[in-house]
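The next block holds one structure in the form of structure tokens; read it before the comments.
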Amino acid sequence: MHTHSSIKPFECSECNYKAACKIHLDQHMHTHTGDKPFECAECSYKTSRKSHLDVHMHTHSGIKPFECDKCNYKASRKSHLDVHMYTHTGDKPFECAECNYKTARKSHLALHMHTHTGDKPFECAECNYKAARKSDLALHMHTHTGYKPFKCATCNYETANKGHLAVHMRTHTGDKPFECAKCNYKTARKSDLAVHMRTHTGDKPFECVECNYKTAR
């Protein structure tokens, strides 16, 4: 049995991949041919590996065989459980090479890197809006559809953005978490604090194009 030795006699003719079993080489070849012979009977999902199809089927059956021993979290994939465990250990193994950002998810690091590269791969089909995150594009689309899924339980305020609802709720609770370090000014909005700080710095970033008038707002 080659599986317990370092012998890998089956070599790919397209790259330097080697396998101990022919079936593994056959599966690998799908990465070159693009073949996805394993198809889901419930949806259009296709994959090159049977094991991937088996895991995918959990999305239809609802089976979540991987359970956290620290809480009641369950997952359909072991990789999802592995990532979840970081919430208990606090580990953030994925580090940005450009700054001190760390995260528990490789996908989050990939998204973060857009802040350094400036890439915005997600484009709106209705206008020229571009986003670094798919979730940001989804929120933006509400501006075209008019959909406002986030509703205030106290008044009739509705918004397309969950963050905007959180800010709005401060009008009911009176919370003002943003405090000025120079005086006793407090506000419910981070943007309002930024404007207020100009009273201390003297910055007037808004200029009239017709004359030399400048203002902080």
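Just so you know, glycine gets a Cβ as well, placed from its N, Cα and C.
Record features, source TrEMBL:
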- 10-37: domain 'C2H2-type' (DOMAIN)
- 38-65: domain 'C2H2-type' (DOMAIN)
- 66-93: domain 'C2H2-type' (DOMAIN)
- 94-121: domain 'C2H2-type' (DOMAIN)
- 122-149: domain 'C2H2-type' (DOMAIN)
- 150-177: domain 'C2H2-type' (DOMAIN)
- 178-205: domain 'C2H2-type' (DOMAIN)
The domain 'C2H2-type' (122-149): DSSP-derived helix, strand, coil residue counts: 12 helix, 4 strand, 12 coil
Surrounding residues of the domain 'C2H2-type' (150-177) on its own chain - C-beta under 8 Å, 6+ positions past either end: 139, 142-143, 186-189
Secondary structure content of the domain 'C2H2-type' (10-37), with strand meaning DSSP E or B: 12 helix, 4 strand, 12 coil
